[in-house]
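Undergrad: Handing you a structure now.
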Amino acid sequence: MEFGISNSDIKVVRRNSPGTKREDWCNWPEMNFDEMDSTLNVQMFIQQTIRKDPSNVTAILTPPKGQDEAVWKYEHLRQFCMELNGLAVLLQRECDPAICSQMAATEQWIYLCAAHKNPKECTAIDYIRHTLDGAACLLTNNKYFPSRISIKDASVAKLGSVCRRVYRIFSHAYFNHKNLFDEFERKTHLCRRFTLFVIKYNLMIRDHLIIPKFDDIGLQNISVEQQQHVEPVDLLNETTCGVGAV
C-alpha cells in the first residue's frame, strides 16, 4: 500500500532560514489577506504585493477591504524606511562628506538635522543616517505605537513629519546623485510609490514634492484643498521653510 502526502498537508514556513539562497529568499506561496492569521498581517500583505510586482505601485497602495487606514499608513511608512536603507547604502559609494557637506536638494532647499538638541547642519550622509535612525525609533516607540492592529489619532499625526524628512533622502539623491537614484528606482520604484502614498493620504503638500520626474502622479485625483493640506507640527518641532528647513 502506498501513502502519499497532498499539498494541503504540507506546512509552509514563511521565514528565511539561515543559509537561504538569494533565489529562494521569501520564495513561498502567496496567501490571501484573510488567511494571514497574524498581528503582522498588514506588513506581510504589503511585502507580498511588493514582491509580486514592485512597479505596480497602485496595487501596492490599495488596502484590503475593511482595512483600518491608520494602520495601513503606519505599516507602509515602516516599509518605506526599511527599503530606504538600501538607498542609503548605495549612496555611500559617492556621497562624500567633503563634497556633500550639507543636506541639500537644490540651491533653494538646504535642511537642518533635527536629531540634535538644537537643529543644525549635518553632512548629507549623516543626515540620511540620522533621519532613518530617528524614524525607526519613533515608529517602534511603544509610547506612540504600542500596537500593530490599532493606532491612536494623536500618533497618526506624527507620520507627516516622518514623511517630509524621509522624502529629503530621495530629493538629495535625485539632484546630487542622479545615476544612483536611477539605479535604485529602476529596481524598486520606491520614490514613485512614496510620492503616490503621500499624495493619496495628504501627508505632504505638493510644493514640497520637488522631484520633477513624478510631477504627474495623482494629479487627476487630488483636489486643491488636498494639495494645500499641511500636517500639524509634531513633537520634533518641525518647521518647513526652504533654506534652513528642519
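Using N, Cα and C of the backbone, Cβ positions are placed for all residues, glycine too.
Grabbed the feature section from TrEMBL, which reads as follows:
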BINDING   CYS95, CYS100, HIS172, HIS177  Zn(2+) binding site
Undergrad: Please state whether DSSP places HIS177 (Zn(2+) binding site) in a helix, a strand or coil.
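TA: DSSP call for HIS177 (Zn(2+) binding site): coil, neither helix nor strand.
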Undergrad: With Cβ-Cβ distance below 8 Å and at least 6 positions apart along the chain, what are the contacts of HIS172 (Zn(2+) binding site)? List them in sequence order.
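TA: Listed in sequence order, they are CYS100, MET103, ALA104, ALA105, ALA124, TYR127, ILE128.
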Undergrad: If you run the three-state DSSP split on CYS95 (Zn(2+) binding site), which class comes out?
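TA: Where CYS95 (Zn(2+) binding site) sits, the three-state DSSP reduction gives coil.
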Undergrad: What are the other residues, in sequence order, whose C-beta lies within 8 angstroms of the center of the C-beta atoms of CYS95, CYS100, HIS172, HIS177 at the Zn(2+) site?
TA: LEU91, GLU94, ALA124, ILE125, ILE128, ALA173, ASN176
Undergrad: Tell me, how many other CB atoms lie within 10 A of the CB of HIS177 (Zn(2+) binding site), whichever protein chain they belong to?
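TA: A count of 20.
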Undergrad: Report the same-chain neighbours of CYS95 (Zn(2+) binding site): residues 6+ apart in sequence with Cβ closer than 8 Å to its Cβ, ordered by sequence.
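TA: Once residues fewer than 6 apart are set aside, CYS95 (Zn(2+) binding site) is near ALA124, ILE125, ILE128, ASN176, HIS177.
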